[in-house]
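Asks: Below is one structure. I have some questions about it.
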(Lines of atoms letter the chains of each structure in order from A and count residues from 1; the text may use other names and numbers.)
(Lines give C-alpha, C1' and ligand atoms only; values in the text may rest on other atoms or scores of the structure.)
Protein backbone atom coordinates (compact mmCIF):
# COMPACT_ATOMS: atom_id res chain seq x y z
CA UNK A 1 0.00 0.00 0.00
CA UNK A 2 1.42 3.38 -1.04
CA UNK A 3 1.33 6.48 1.18
CA UNK A 4 -1.40 8.02 -1.02
CA UNK A 5 -3.52 4.85 -0.78
CA UNK A 6 -3.07 4.78 3.00
CA UNK A 7 -4.01 8.47 3.23
CA UNK A 8 -7.15 7.97 1.11
CA UNK A 9 -8.15 4.96 3.21
CA UNK A 10 -7.98 7.12 6.34
CA UNK A 11 -9.68 10.11 4.67
CA UNK A 12 -13.42 10.04 5.57
CA UNK A 13 -13.04 6.49 6.89
CA UNK A 14 -15.47 3.89 5.56
CA UNK A 15 -17.16 6.21 3.04
CA UNK A 16 -17.25 4.91 -0.58
CA UNK A 17 -14.25 5.72 -2.77
CA UNK A 18 -16.41 7.71 -5.24
CA UNK A 19 -17.69 9.86 -2.36
CA UNK A 20 -14.17 10.60 -1.10
CA UNK A 21 -13.12 11.50 -4.64
CA UNK A 22 -16.12 13.82 -5.02
CA UNK A 23 -15.20 15.74 -1.84
CA UNK A 24 -11.56 16.06 -2.98
CA UNK A 25 -12.74 17.37 -6.38
CA UNK A 26 -15.02 19.90 -4.61
CA UNK A 27 -12.10 21.12 -2.49
CA UNK A 28 -9.92 21.58 -5.60
CA UNK A 29 -12.58 23.21 -7.81
CA UNK A 30 -13.96 25.78 -5.32
CA UNK A 31 -10.86 28.05 -5.05
CA UNK A 32 -10.35 27.92 -8.84
CA UNK A 33 -13.95 29.01 -9.51
CA UNK A 34 -13.82 31.65 -6.74
CA UNK A 35 -10.60 33.35 -7.92
CA UNK A 36 -10.74 32.85 -11.70
CA UNK A 37 -14.43 32.64 -12.71
CA UNK A 38 -16.92 34.21 -10.27
CA UNK A 39 -17.32 34.40 -6.47
CA UNK A 40 -21.11 34.25 -6.99
CA UNK A 41 -20.87 30.97 -8.95
CA UNK A 42 -18.37 29.59 -6.41
CA UNK A 43 -20.83 30.42 -3.63
CA UNK A 44 -23.67 28.56 -5.33
CA UNK A 45 -21.30 25.67 -6.00
CA UNK A 46 -20.54 25.52 -2.26
CA UNK A 47 -24.27 25.50 -1.40
CA UNK A 48 -24.91 22.69 -3.92
CA UNK A 49 -21.96 20.70 -2.53
CA UNK A 50 -23.19 21.21 1.02
CA UNK A 51 -26.68 20.03 0.09
CA UNK A 52 -25.01 17.01 -1.56
CA UNK A 53 -23.26 16.14 1.75
CA UNK A 54 -26.63 16.37 3.55
CA UNK A 55 -28.35 14.19 0.94
CA UNK A 56 -25.53 11.62 1.24
CA UNK A 57 -25.72 11.55 5.06
CA UNK A 58 -25.98 7.75 5.01
CA UNK A 59 -22.61 7.51 3.23
CA UNK A 60 -20.84 9.88 5.63
CA UNK A 61 -22.05 12.13 8.44
CA UNK A 62 -22.14 15.65 6.90
CA UNK A 63 -20.05 17.27 9.65
CA UNK A 64 -16.71 16.14 8.18
CA UNK A 65 -17.16 16.84 4.44
CA UNK A 66 -19.35 19.88 5.08
CA UNK A 67 -16.89 21.15 7.66
CA UNK A 68 -13.93 20.82 5.28
CA UNK A 69 -15.82 22.77 2.61
CA UNK A 70 -16.79 25.47 5.13
CA UNK A 71 -13.22 25.84 6.47
CA UNK A 72 -11.88 26.17 2.92
CA UNK A 73 -14.55 28.81 2.16
CA UNK A 74 -13.33 30.88 5.12
CA UNK A 75 -9.66 30.45 4.15
CA UNK A 76 -10.17 31.60 0.53
CA UNK A 77 -12.30 34.59 1.59
CA UNK A 78 -15.89 33.62 0.73
CA UNK A 79 -16.67 34.77 4.29
CA UNK A 80 -14.66 35.36 7.46
CA UNK A 81 -14.44 33.90 10.95
CA UNK A 82 -15.92 37.05 12.54
CA UNK A 83 -19.09 36.76 10.45
CA UNK A 84 -19.38 33.05 11.30
CA UNK A 85 -19.08 33.92 15.01
CA UNK A 86 -21.76 36.62 14.60
CA UNK A 87 -24.14 34.06 13.02
CA UNK A 88 -23.44 31.60 15.85
CA UNK A 89 -24.07 34.23 18.54
CA UNK A 90 -27.28 35.36 16.81
CA UNK A 91 -28.55 31.77 17.07
CA UNK A 92 -27.00 30.89 20.43
CA UNK A 93 -30.38 29.90 21.94
CA UNK A 94 -30.68 27.15 19.32
CA UNK A 95 -27.29 25.77 20.34
CA UNK A 96 -28.35 25.83 24.00
CA UNK A 97 -31.58 24.02 23.02
CA UNK A 98 -29.69 21.25 21.24
CA UNK A 99 -27.09 20.80 23.97
CA UNK A 100 -29.28 20.91 27.08
CA UNK A 101 -32.89 20.14 26.07
CA UNK A 102 -32.04 16.94 24.17
CA UNK A 103 -29.77 15.82 27.02
CA UNK A 104 -32.46 16.68 29.57
CA UNK A 105 -35.10 14.55 27.87
CA UNK A 106 -32.60 11.65 27.85
CA UNK A 107 -33.19 11.36 31.61
CA UNK A 108 -36.97 11.18 31.08
CA UNK A 109 -36.86 8.25 28.66
CA UNK A 110 -38.07 5.84 31.36
CA UNK A 111 -41.40 7.69 31.58
CA UNK A 112 -41.75 7.95 27.79
CA UNK A 113 -40.93 4.25 27.33
CA UNK A 114 -43.57 3.38 29.93
CA UNK A 115 -46.23 5.46 28.13
CA UNK A 116 -45.58 4.04 24.65
CA UNK A 117 -45.32 0.47 25.96
CA UNK A 118 -48.73 0.78 27.61
CA UNK A 119 -50.20 2.23 24.41
CA UNK A 120 -48.93 -0.69 22.34
CA UNK A 121 -50.15 -3.38 24.73
CA UNK A 122 -53.48 -1.88 25.86
CA UNK A 123 -54.92 -0.64 22.52
CA UNK A 124 -55.93 -3.61 20.34
CA UNK A 125 -57.46 -1.66 17.40
CA UNK A 126 -54.71 -0.95 14.84
CA UNK A 127 -56.43 2.24 13.62
CA UNK A 128 -56.83 3.57 17.18
CA UNK A 129 -53.23 2.58 18.01
CA UNK A 130 -51.86 4.30 14.89
CA UNK A 131 -53.75 7.52 15.67
CA UNK A 132 -52.63 7.28 19.32
CA UNK A 133 -48.96 6.91 18.28
CA UNK A 134 -49.24 9.75 15.76
CA UNK A 135 -51.03 12.03 18.25
CA UNK A 136 -48.68 11.17 21.14
CA UNK A 137 -45.59 11.77 18.99
CA UNK A 138 -47.07 15.10 17.85
CA UNK A 139 -47.90 16.22 21.39
CA UNK A 140 -44.48 15.24 22.73
CA UNK A 141 -42.67 16.84 19.78
CA UNK A 142 -44.40 20.15 20.50
CA UNK A 143 -42.49 20.26 23.80
CA UNK A 144 -39.55 17.91 23.31
CA UNK A 145 -36.96 17.40 20.62
CA UNK A 146 -38.30 15.22 17.77
CA UNK A 147 -35.09 13.16 17.73
CA UNK A 148 -35.65 12.20 21.36
CA UNK A 149 -39.27 11.21 20.75
CA UNK A 150 -38.25 9.01 17.80
CA UNK A 151 -35.36 7.56 19.86
CA UNK A 152 -37.83 6.50 22.57
CA UNK A 153 -40.21 4.89 20.07
CA UNK A 154 -37.25 3.09 18.46
CA UNK A 155 -36.29 1.76 21.93
CA UNK A 156 -39.84 0.43 22.43
CA UNK A 157 -39.91 -1.19 18.97
CA UNK A 158 -36.41 -2.67 19.41
CA UNK A 159 -37.37 -4.15 22.77
CA UNK A 160 -40.58 -5.72 21.48
CA UNK A 161 -38.98 -6.98 18.27
CA UNK A 162 -36.13 -8.56 20.25
CA UNK A 163 -38.55 -10.31 22.62
CA UNK A 164 -40.65 -11.85 19.86
CA UNK A 165 -37.63 -12.74 17.71
CA UNK A 166 -36.17 -14.71 20.63
CA UNK A 167 -39.47 -16.54 21.19
CA UNK A 168 -39.87 -17.26 17.44
CA UNK A 169 -36.33 -18.67 17.24
CA UNK A 170 -36.89 -20.94 20.24
CA UNK A 171 -34.63 -19.03 22.67
CA UNK A 172 -35.29 -17.84 26.21
CA UNK A 173 -35.81 -14.12 26.84
CA UNK A 174 -32.59 -13.94 28.88
CA UNK A 175 -30.48 -15.51 26.08
CA UNK A 176 -27.99 -13.23 24.31
CA UNK A 177 -28.74 -13.81 20.61
CA UNK A 178 -28.35 -11.91 17.33
CA UNK A 179 -31.89 -10.68 16.56
CA UNK A 180 -30.85 -9.79 13.00
CA UNK A 181 -30.24 -13.49 12.25
CA UNK A 182 -33.43 -15.20 10.99
CA UNK A 183 -31.89 -18.62 10.34
CA UNK A 184 -33.18 -20.14 13.59
CA UNK A 185 -36.73 -18.85 13.15
CA UNK A 186 -39.21 -21.72 13.27
CA UNK A 187 -40.80 -22.21 9.81
CA UNK A 188 -44.39 -21.44 10.85
CA UNK A 189 -43.22 -18.26 12.59
CA UNK A 190 -41.76 -16.67 9.43
CA UNK A 191 -45.09 -15.33 8.19
CA UNK A 192 -46.01 -14.00 11.65
CA UNK A 193 -42.62 -12.25 11.91
CA UNK A 194 -43.12 -10.59 8.51
CA UNK A 195 -46.55 -9.32 9.63
CA UNK A 196 -45.00 -8.03 12.86
CA UNK A 197 -42.33 -6.21 10.82
CA UNK A 198 -45.01 -4.56 8.65
CA UNK A 199 -46.92 -3.61 11.82
CA UNK A 200 -43.83 -1.98 13.38
CA UNK A 201 -42.94 -0.22 10.09
CA UNK A 202 -46.32 1.46 9.95
CA UNK A 203 -46.17 2.51 13.62
CA UNK A 204 -42.67 3.98 13.21
CA UNK A 205 -43.79 6.00 10.17
CA UNK A 206 -46.97 7.27 11.89
CA UNK A 207 -44.87 8.35 14.86
CA UNK A 208 -42.25 9.95 12.60
CA UNK A 209 -44.90 12.01 10.79
CA UNK A 210 -46.44 12.82 14.17
CA UNK A 211 -43.17 14.50 15.21
CA UNK A 212 -43.45 16.75 12.13
CA UNK A 213 -47.13 17.56 12.85
CA UNK A 214 -46.36 18.56 16.43
CA UNK A 215 -42.88 19.94 15.82
CA UNK A 216 -44.12 22.69 13.47
CA UNK A 217 -46.43 24.14 16.13
CA UNK A 218 -44.09 25.44 18.82
CA UNK A 219 -40.79 27.26 19.33
CA UNK A 220 -39.06 24.14 20.67
CA UNK A 221 -40.58 21.61 18.27
CA UNK A 222 -37.72 21.89 15.76
CA UNK A 223 -34.38 23.76 15.94
CA UNK A 224 -35.30 26.03 13.00
CA UNK A 225 -38.48 27.17 14.80
CA UNK A 226 -36.36 28.86 17.44
CA UNK A 227 -34.24 30.57 14.77
CA UNK A 228 -37.42 31.97 13.16
CA UNK A 229 -38.91 32.96 16.54
CA UNK A 230 -35.69 34.80 17.45
CA UNK A 231 -35.82 36.87 14.25
CA UNK A 232 -39.54 37.63 14.65
CA UNK A 233 -39.27 38.21 18.45
CA UNK A 234 -42.05 35.73 19.28
CA UNK A 235 -42.34 33.91 22.62
CA UNK A 236 -43.74 30.39 23.08
CA UNK A 237 -47.46 31.29 23.12
CA UNK A 238 -47.28 33.90 20.36
CA UNK A 239 -45.38 31.49 18.10
CA UNK A 240 -48.05 28.82 18.69
CA UNK A 241 -50.89 31.27 17.91
CA UNK A 242 -49.13 32.65 14.81
CA UNK A 243 -48.71 29.15 13.39
CA UNK A 244 -52.16 27.86 14.43
CA UNK A 245 -54.09 29.03 11.30
CA UNK A 246 -51.86 26.69 9.27
CA UNK A 247 -50.79 24.02 11.76
CA UNK A 248 -54.21 23.15 13.22
CA UNK A 249 -55.87 22.33 9.82
CA UNK A 250 -52.71 20.43 8.82
CA UNK A 251 -52.73 18.48 12.11
CA UNK A 252 -56.40 17.47 11.68
CA UNK A 253 -55.82 16.40 8.06
CA UNK A 254 -52.66 14.53 9.12
CA UNK A 255 -54.63 12.45 11.64
CA UNK A 256 -57.35 11.90 9.01
CA UNK A 257 -54.66 10.63 6.60
CA UNK A 258 -53.44 8.28 9.33
CA UNK A 259 -56.99 6.91 9.67
CA UNK A 260 -57.52 6.49 5.91
CA UNK A 261 -54.22 4.72 5.09
CA UNK A 262 -54.85 2.27 7.95
CA UNK A 263 -58.53 1.76 7.17
CA UNK A 264 -57.97 1.03 3.46
CA UNK A 265 -54.47 -0.52 3.84
CA UNK A 266 -52.78 1.94 1.47
CA UNK A 267 -49.04 2.58 0.91
CA UNK A 268 -47.88 -0.34 3.06
CA UNK A 269 -50.06 0.50 6.08
CA UNK A 270 -52.86 -1.51 7.68
CA UNK A 271 -51.09 -4.63 9.01
CA UNK A 272 -52.41 -5.60 12.45
CA UNK A 273 -50.41 -6.91 15.40
CA UNK A 274 -50.58 -10.74 15.17
CA UNK A 275 -52.36 -12.31 18.19
CA UNK A 276 -49.38 -14.58 18.87
CA UNK A 277 -47.08 -11.57 19.18
CA UNK A 278 -49.55 -9.60 21.32
CA UNK A 279 -49.79 -12.47 23.83
CA UNK A 280 -45.99 -12.62 24.23
CA UNK A 281 -45.69 -8.82 24.63
CA UNK A 282 -48.68 -8.57 26.98
CA UNK A 283 -47.25 -11.28 29.25
CA UNK A 284 -43.89 -9.49 29.29
CA UNK A 285 -45.50 -6.14 30.18
CA UNK A 286 -47.49 -7.73 33.00
CA UNK A 287 -44.32 -9.38 34.37
CA UNK A 288 -42.39 -6.10 34.21
CA UNK A 289 -45.22 -4.21 35.96
CA UNK A 290 -45.29 -6.79 38.77
CA UNK A 291 -41.50 -6.53 39.18
CA UNK A 292 -41.58 -2.71 39.42
CA UNK A 293 -40.26 -1.64 42.82
CA UNK A 294 -41.46 1.31 44.90
CA UNK A 295 -38.25 3.11 43.92
CA UNK A 296 -39.06 2.65 40.20
CA UNK A 297 -42.59 4.00 40.72
CA UNK A 298 -41.23 7.07 42.54
CA UNK A 299 -38.82 7.66 39.62
CA UNK A 300 -41.73 7.63 37.15
CA UNK A 301 -43.70 10.01 39.37
CA UNK A 302 -40.78 12.44 39.60
CA UNK A 303 -40.29 12.34 35.82
CA UNK A 304 -44.01 13.13 35.35
CA UNK A 305 -43.67 16.17 37.68
CA UNK A 306 -40.57 17.32 35.78
CA UNK A 307 -42.55 16.98 32.51
CA UNK A 308 -45.20 19.33 33.97
CA UNK A 309 -42.46 21.85 34.88
CA UNK A 310 -41.11 21.57 31.32
CA UNK A 311 -44.51 22.38 29.77
CA UNK A 312 -45.21 25.27 32.19
CA UNK A 313 -41.68 26.67 31.85
CA UNK A 314 -41.96 26.73 28.06
CA UNK A 315 -45.56 27.97 27.93
CA UNK A 316 -44.87 30.96 30.19
CA UNK A 317 -41.34 31.55 28.85
CA UNK A 318 -39.87 31.42 32.37
CA UNK A 319 -36.32 31.14 31.00
CA UNK A 320 -34.43 30.59 27.75
CA UNK A 321 -35.32 27.20 26.25
CA UNK A 322 -31.80 25.84 26.71
CA UNK A 323 -31.75 26.88 30.38
CA UNK A 324 -35.07 25.09 30.96
CA UNK A 325 -33.37 22.06 29.41
CA UNK A 326 -30.47 22.44 31.85
CA UNK A 327 -32.94 22.59 34.75
CA UNK A 328 -34.47 19.33 33.45
CA UNK A 329 -31.02 17.68 33.59
CA UNK A 330 -30.48 18.89 37.17
CA UNK A 331 -33.95 17.89 38.42
CA UNK A 332 -34.10 14.55 36.59
CA UNK A 333 -30.64 13.41 37.68
CA UNK A 334 -31.03 14.67 41.27
CA UNK A 335 -34.38 12.99 41.90
CA UNK A 336 -33.71 9.71 40.06
CA UNK A 337 -30.29 9.09 41.57
CA UNK A 338 -28.06 9.60 38.51
CA UNK A 339 -24.83 11.10 39.86
CA UNK A 340 -22.13 9.32 37.85
CA UNK A 341 -20.28 11.61 35.41
CA UNK A 342 -20.03 8.94 32.68
CA UNK A 343 -23.77 8.21 32.81
CA UNK A 344 -24.54 11.93 32.55
CA UNK A 345 -22.08 12.19 29.64
CA UNK A 346 -24.09 9.66 27.60
CA UNK A 347 -27.01 12.11 27.50
CA UNK A 348 -24.96 14.52 25.39
CA UNK A 349 -23.81 11.97 22.78
CA UNK A 350 -27.00 12.28 20.74
CA UNK A 351 -27.06 16.06 20.39
CA UNK A 352 -23.45 17.24 20.16
CA UNK A 353 -22.64 15.94 16.64
CA UNK A 354 -25.73 17.73 15.30
CA UNK A 355 -24.83 20.86 17.29
CA UNK A 356 -21.40 20.86 15.63
CA UNK A 357 -23.07 20.38 12.24
CA UNK A 358 -25.35 23.35 12.97
CA UNK A 359 -22.29 25.57 13.48
CA UNK A 360 -21.11 24.45 10.03
CA UNK A 361 -24.57 25.43 8.69
CA UNK A 362 -24.03 28.91 10.06
CA UNK A 363 -20.67 29.09 8.24
CA UNK A 364 -22.42 28.36 4.94
CA UNK A 365 -25.15 30.88 5.84
CA UNK A 366 -22.38 33.48 6.32
CA UNK A 367 -21.12 32.68 2.78
CA UNK A 368 -24.67 33.04 1.39
CA UNK A 369 -25.03 36.46 3.04
CA UNK A 370 -21.56 37.75 2.06
CA UNK A 371 -21.85 36.58 -1.56
CA UNK A 372 -25.55 37.66 -1.81
CA UNK A 373 -26.42 34.24 -3.27
CA UNK A 374 -30.13 34.31 -2.53
CA UNK A 375 -30.65 37.93 -3.58
CA UNK A 376 -31.97 37.07 -7.11
CA UNK A 377 -34.45 34.51 -5.71
CA UNK A 378 -35.57 36.83 -2.91
CA UNK A 379 -35.96 39.74 -5.36
CA UNK A 380 -38.05 37.50 -7.63
CA UNK A 381 -40.30 36.42 -4.76
CA UNK A 382 -40.59 39.91 -3.26
CA UNK A 383 -41.43 41.44 -6.64
CA UNK A 384 -44.60 39.34 -6.71
CA UNK A 385 -47.85 40.51 -5.09
CA UNK A 386 -48.07 40.14 -1.30
CA UNK A 387 -50.43 37.14 -1.32
CA UNK A 388 -48.35 35.36 -3.97
CA UNK A 389 -45.18 35.96 -1.93
CA UNK A 390 -46.48 33.69 0.83
CA UNK A 391 -47.15 30.79 -1.55
CA UNK A 392 -43.77 31.23 -3.29
CA UNK A 393 -41.84 31.30 0.01
CA UNK A 394 -43.75 28.19 1.17
CA UNK A 395 -43.09 26.30 -2.08
CA UNK A 396 -39.40 27.26 -2.38
CA UNK A 397 -38.82 26.31 1.25
CA UNK A 398 -40.72 23.04 0.86
CA UNK A 399 -38.83 22.02 -2.26
CA UNK A 400 -35.39 22.74 -0.80
CA UNK A 401 -36.26 21.24 2.60
CA UNK A 402 -37.28 17.92 1.07
CA UNK A 403 -33.80 17.40 -0.39
CA UNK A 404 -31.72 19.33 2.13
CA UNK A 405 -31.80 19.93 5.88
CA UNK A 406 -34.68 22.13 7.00
CA UNK A 407 -32.59 23.95 9.64
CA UNK A 408 -30.22 25.12 6.92
CA UNK A 409 -33.03 26.19 4.56
CA UNK A 410 -35.03 28.01 7.25
CA UNK A 411 -31.94 29.87 8.49
CA UNK A 412 -31.15 31.13 4.99
CA UNK A 413 -34.69 32.25 4.14
CA UNK A 414 -35.52 33.92 7.46
CA UNK A 415 -32.25 35.89 7.28
CA UNK A 416 -33.16 37.09 3.78
CA UNK A 417 -36.70 38.02 4.85
CA UNK A 418 -35.33 39.92 7.89
CA UNK A 419 -32.88 41.78 5.63
CA UNK A 420 -35.80 42.75 3.35
CA UNK A 421 -37.69 44.06 6.41
CA UNK A 422 -34.66 46.02 7.66
CA UNK A 423 -34.14 47.58 4.21
CA UNK A 424 -37.80 48.60 3.98
CA UNK A 425 -38.57 46.25 1.06
CA UNK A 426 -41.45 44.59 2.95
CA UNK A 427 -43.77 45.84 5.69
CA UNK A 428 -43.62 44.37 9.24
CA UNK A 429 -47.04 42.72 8.77
CA UNK A 430 -45.81 40.96 5.61
CA UNK A 431 -42.61 39.83 7.38
CA UNK A 432 -44.74 38.19 10.09
CA UNK A 433 -46.75 36.28 7.48
CA UNK A 434 -43.58 35.31 5.59
CA UNK A 435 -42.09 33.96 8.84
CA UNK A 436 -45.10 31.62 9.17
CA UNK A 437 -44.75 30.59 5.51
CA UNK A 438 -41.03 29.85 6.00
CA UNK A 439 -41.61 27.83 9.18
CA UNK A 440 -44.45 25.73 7.77
CA UNK A 441 -42.70 25.40 4.40
CA UNK A 442 -39.58 23.93 5.98
CA UNK A 443 -41.43 21.64 8.40
CA UNK A 444 -44.32 20.14 6.42
CA UNK A 445 -43.23 19.19 2.85
CA UNK A 446 -39.88 18.00 4.26
CA UNK A 447 -41.50 14.72 5.38
CA UNK A 448 -41.12 13.67 1.72
CA UNK A 449 -37.62 12.24 2.28
CA UNK A 450 -35.38 11.31 5.24
CA UNK A 451 -33.00 14.10 4.17
CA UNK A 452 -35.46 16.82 5.16
CA UNK A 453 -36.49 15.63 8.62
CA UNK A 454 -33.71 14.92 11.13
CA UNK A 455 -36.04 12.54 12.98
CA UNK A 456 -36.64 10.53 9.77
CA UNK A 457 -32.91 10.39 9.06
CA UNK A 458 -32.31 9.24 12.63
CA UNK A 459 -34.92 6.49 12.16
CA UNK A 460 -33.42 5.40 8.84
CA UNK A 461 -29.89 5.16 10.28
CA UNK A 462 -31.01 3.43 13.50
CA UNK A 463 -30.55 -0.27 14.22
CA UNK A 464 -34.32 -0.94 13.99
CA UNK A 465 -34.59 -0.09 10.26
CA UNK A 466 -32.80 -3.18 8.84
CA UNK A 467 -34.66 -5.42 11.32
CA UNK A 468 -38.11 -4.24 10.16
CA UNK A 469 -36.96 -3.84 6.51
CA UNK A 470 -37.45 -0.06 6.45
CA UNK A 471 -35.27 1.16 3.55
CA UNK A 472 -34.86 4.69 2.13
CA UNK A 473 -37.19 3.91 -0.79
CA UNK A 474 -39.83 2.36 1.44
CA UNK A 475 -39.74 5.39 3.76
CA UNK A 476 -40.31 7.75 0.83
CA UNK A 477 -43.17 5.54 -0.44
CA UNK A 478 -44.86 5.28 2.97
CA UNK A 479 -44.44 9.03 3.57
CA UNK A 480 -46.02 9.88 0.20
CA UNK A 481 -49.69 10.20 1.32
CA UNK A 482 -48.59 12.41 4.21
CA UNK A 483 -46.32 14.47 1.93
CA UNK A 484 -49.19 15.17 -0.48
CA UNK A 485 -51.80 15.99 2.20
CA UNK A 486 -49.54 18.06 4.48
CA UNK A 487 -48.05 20.06 1.58
CA UNK A 488 -51.38 20.86 -0.11
CA UNK A 489 -53.33 21.65 3.08
CA UNK A 490 -50.42 23.79 4.29
CA UNK A 491 -50.36 25.74 1.01
CA UNK A 492 -54.14 26.28 1.02
CA UNK A 493 -54.04 27.44 4.66
CA UNK A 494 -51.17 29.86 3.91
CA UNK A 495 -53.06 31.26 0.92
CA UNK A 496 -56.64 31.45 2.20
CA UNK A 497 -56.68 31.27 6.04
CA UNK A 498 -53.46 32.79 7.40
CA UNK A 499 -53.82 36.52 6.44
CA UNK A 500 -57.40 36.87 7.71
CA UNK A 501 -56.78 34.74 10.82
CA UNK A 502 -53.69 36.81 11.74
CA UNK A 503 -55.71 40.05 11.56
CA UNK A 504 -58.46 38.44 13.69
CA UNK A 505 -55.96 37.23 16.35
CA UNK A 506 -54.38 40.71 16.45
CA UNK A 507 -57.81 42.34 16.87
CA UNK A 508 -58.42 40.11 19.91
CA UNK A 509 -55.07 41.19 21.36
CA UNK A 510 -53.75 37.61 21.36
CA UNK A 511 -50.77 38.51 19.15
CA UNK A 512 -48.82 41.74 18.97
CA UNK A 513 -47.60 43.29 15.70
CA UNK A 514 -43.89 44.09 15.38
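In case you wondered, yes, glycine gets a Cβ from its N, Cα and C as well.
What you see is a predicted model, and the numbers here were worked out from it, not measured in a lab.
Okay, so Swiss-Prot annotates it like this:
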TRANSMEM  21-41  transmembrane segment
TRANSMEM  43-63  transmembrane segment
TRANSMEM  88-108  transmembrane segment
TRANSMEM  143-163  transmembrane segment
TRANSMEM  203-223  transmembrane segment
TRANSMEM  239-259  transmembrane segment
TRANSMEM  304-324  transmembrane segment
TRANSMEM  349-369  transmembrane segment
TRANSMEM  390-410  transmembrane segment
TRANSMEM  448-468  transmembrane segment
TRANSMEM  484-504  transmembrane segment
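For the listed features, I'd like the structural context: burial, neighbours, distances.
Replies: Outside the transmembrane segment (43-63), and at least 6 residues removed from its termini, the chain residues within Cβ reach (under 8 Å) are 12-13, 15-16, 19, 22-23, 26, 29-30, 33, 69-70, 73, 78, 353, 356-357, 360, 364, 367-368, 371, 373, 400, 403-405, 408, 451, 457, 460-461, 472.
Non-local neighbours of the transmembrane segment (88-108) in the same chain are 144-145, 147-148, 220, 223, 226-227, 230, 303, 306-307, 310, 320-329, 332-333, 336, 338, 346-348, 350-352, 354-355, 358-359, 362, 411; each lies 6+ residues outside the stretch with a CB under 8 Å from one of its CB atoms.
Outside the transmembrane segment (304-324) by six or more residues, the chain places 93, 95-97, 99-101, 104, 108, 111, 143-144, 218-220, 226, 235-237, 331-332, 335 with a CB less than 8 A from a CB of the stretch.
A Cβ distance under 8 Å defines the sequence-distant neighbours of the transmembrane segment (390-410), meaning residues of its chain 6+ beyond its ends; these are 50-51, 54-55, 62, 222-224, 227-228, 358, 361, 364-365, 377, 380-381, 384, 417, 433-434, 437-446, 448-449, 451-454, 483, 487, 490-491, 494-495, 498-499.
Within its own chain, the transmembrane segment (448-468) has Cβ neighbours under 8 Å at 54-55, 57-58, 141, 146-147, 149-151, 154, 157-158, 161, 179-180, 197, 200-201, 204, 208, 211-212, 215, 354, 401-407, 475-476, 479-480, 483, 487, counting only residues six or more beyond its boundaries.
Listed by sequence, the residues of this chain that lie at least six past the ends of the transmembrane segment (484-504) yet keep a Cβ under 8 A from its Cβ atoms are 209, 212-213, 242, 244-246, 249-250, 253-254, 256-257, 387, 390-391, 394-395, 398, 429, 432-433, 436-437, 440-441, 444-445, 447-448, 511.
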Asks: Same-chain Cβ contacts of the transmembrane segment (21-41) under 8 Å, 6 or more residues past its ends?
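Replies: Tertiary neighbours of the transmembrane segment (21-41) are 11-12, 49, 52-53, 65, 68-69, 72-73, 76-78, 371-373.
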Asks: Per the definition of 3+ C-beta pairs under 8 A with sequence separation of 6 or more, do the transmembrane segment (143-163) and the transmembrane segment (349-369) touch?
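Replies: Touching, yes - the transmembrane segment (143-163) and the transmembrane segment (349-369) meet the threshold of 3 or more Cβ pairs under 8 Å.
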Asks: Same-chain Cβ contacts of the transmembrane segment (239-259) under 8 Å, 6 or more residues past its ends?
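Replies: Cβ under 8 Å, 6 or more out: 127, 130-131, 134-135, 138, 206, 209-210, 213-214, 216-219, 225, 229, 232, 432, 435-436, 439-440, 444, 481-482, 485-486, 489-490, 493-494, 497-498, 501-502, 505, 510-511.
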Asks: Could you pull out which residues elsewhere in the chain have a CB under 8 Å from any CB of the transmembrane segment (349-369), counting only those six or more residues past its ends?
Replies: 43, 46-47, 50, 61-63, 66-67, 70-71, 73-74, 78-80, 83-84, 86-88, 91, 94-95, 98-99, 102-103, 106, 145, 147-148, 151, 223, 405, 407-408, 411-412, 415, 454
